[in-house]
Amino acid sequence: MQRASLRSVLSTARRSTTVLPLRRPGNVTALRLAPLSTRSNPPISGPGSMNTKKLSLALLSGLVLTGAWYYRDTLLGASEPGFPIAGESSSTPSTATTAVGPGAAEEGPRKVVAVDNESVYTGTLSAGPGGRVSKEVENNGEKVVEMLTPEQATSKLRRNEESYFVGRGKGVWRYDVVQVPSNDPIEDDHAEKIIEVPPTVVPAEEGQEAGPSDWMFWGVFDGHSGWTTSAKLRQVLITFVAREISNTYKAAVADPTPKTPSPESIDNAIKKGFLQLDHEIIHESVDKVFKNPSKLVAAETLAPALSGSCALLAFYESRSKLLRVAVTGDSRAVLGRRGSSGKWTATPLSEDQTGSNESEAERMRKEHPGEEYVVRNGRVLGGLEPSRAFGDAFYKWSYDTQLKIKSQFFGRTPSTLLKTPPYVTAEPVITTTRIEPEKGDFLVMATDGLWEMLTNEEVVGLVGKWLDDQRAGSKDGKPWFGSWFGGGKDQGMLPVEAATDDATGQRQPIRIKQWGVTAKDSERFVCEDRNAATHLVRNALGGKNQDMLCALLTLPSPYSRRYRDDLTVEVIFFGDNTENNGQVTINKEATATVKNDTPQAKL
C-alpha cells in the first residue's frame, strides 16, 4: 500500500470519491482514525495500538487492496425483504432503501468502506452485470464492505433505543436509553428499576408530602474481556444495593433518635452492596467449583469472574431529591443544569478510574508499597486500564488460587508481577447532588465509548439543543423532524457554558487528543432523533459528517472495535410529568420496537 503521497494530498480532502477497484490501483478517500485501545491488553505495536494519527479526509492515490474482500449478505441481511428504520417516529416518513441481495442490486457504483490494520478508507465500487460482486479472501487484515446508506445507518443507530415516560409525580418525567454495539456480542449492559417505598421505611419529615416515596435506579455497565460480568450486574446489582439501603433505613426507623439514616450510612450501604456482589462473583464462585469439580460447572460459574465490568449506578430518592452516583471504573455521569444566562452548565458527577488517573495510581502505590509495576503505562500491572471493576479475577485471586484453577479446569499462568492481590477493587466512589427540577436538571450516564468522542460540555450542550428543538416543534404544532444546526445568529452554537478548567480525573476525548477534530459546532452537529440518547451517539460518531457516521457503523466486528467502542447511553430528565398516572409507560416515538405496553422499568 502506498502511503508516501498522503501528506501531499491532504488539501484534496473535499473531493468526491472515485471508483475503488480491487486488484489494481485506484483512488479512495482516506478516513484516518487512530485505532482505540482495548481494556484488558497492554498497548503493543501493530494492529489495535494507540498510534497517534490525525483524522482527515484525503484522496489517497495508488491504494492496492489485493486480497481484500467484499461482503454484503451478512451486513445488510440479504435474506430480509428490506432494511427498515427501527423505532422511527410515526411523524417521520421512512426513506429506507431495500437491502440488496445477490442478483438484485442496481447497476452502477456504490459506496464502500475499506479497512486495513491502521486506517479506514471510503470510496465507490462498481457492480458487475446483474449486481453481483465477487468476493476474494486472504488473511492479510484488509476488508472491503459496502457502506451503509444514511438511512441504514439511522436504522442501526435506532435499533436498540428505548424511551419511557415516568408518570409518578416524583421528580423524574422521562428517561431515554440506547445501545450501539461494536463487539459481537455487545459487552455493555444496563438496568433500570423504580421501587415504591412505604412511609414505614422512609417516613415523611416536616414539610414533606406524606405517603410512599420512590427509589429510582439507573445502571450502566461497561464490560470487557467478555459480556458475562456486565450481564450479571444487570441482573442483580440494583437488588444488592437496594437491599442494603433498605436495611439502613429500617435500622434508622427502629432507632429512637434518628428517623432517617445519615448520608455516610447510605453511602456505606451502596458500597456494601457493590462489594458483596463482587465477593460473590470472585470468591464464592471459586468455593462452588472446588466443591463440584466439573469443567462445565466451572465454565458457567466462573464466567463473570474471568471477564470484567465497570459499573455506574445512579440512585435518586424522590422525597429528599438527592441523587447519588456510584462509579466503579471509567463510565461517566454528567449533570446538565440551566443557568441564569439561559445556557446549560455541565457538572461531572464522577471521575474516570483508570491507571492514568494520578489519584488512582497513587492509591494503588500506597496499597502495594515497593511494587514498581503496580501501575505501568497507565494500566494495572501494565494490563488492565480500569483501576476499579467487578470481576477481573486475574487481578484479585491469589497466585496459588490461579494455579489451582488452571491445573484443575482452565485459565492462564498468573502474571509474574502478581505479588499482593487484589490490585483491582469494586468499591465505588460516590457523589451526592441535590436535584433542582425547576432548573431543568438532566443526567447523562454513558460508557466510555461516548466520552472518547465528546466532551462533557458538548454532551450537555447537545442535550440542551435537543430539548430546545423538541419544545420548538411542540409549540409550532408541526411534526418534529429535527434540524441541522445553523441558519441564524448563534443558531449554530451549542447552548452551554464553556468549561472553566479541565475536569479532575477525566480524560480528553480521543477525537481531540489523537484525531484532531476541532470543527465548530455548526459544522459538526445535527439534531434529528426523537431519542436523546440516540441523538448523542449520532453526534459522537460523526453528526453532520455522514461519511464518517456511515463508515464507522458499517465496519463489522471485530474490525469496528479498532475505531469505536460499544456505546451505552442513558439520559434522565428530572421534573414531573403532566400525566401523573402513577405508571411508567413506553414512549413509542423514541423506542425501536414496541412488542407490548409492559415497561422495562419495574415498580
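Any Cβ shown, glycine's included, is placed from N, Cα and C.
As annotated in TrEMBL, region 'Disordered' covers the listed stretch 86-106 rather than the other ranges in 23-43, 86-106, 128-148, 149-169.
Looking just at the domain 'PPM-type phosphatase' (174-574), the mean pLDDT is 90. Taken through DSSP, the compositional bias 'Polar residues' (342-358) splits into 1 helix, 6 strand, 10 coil.
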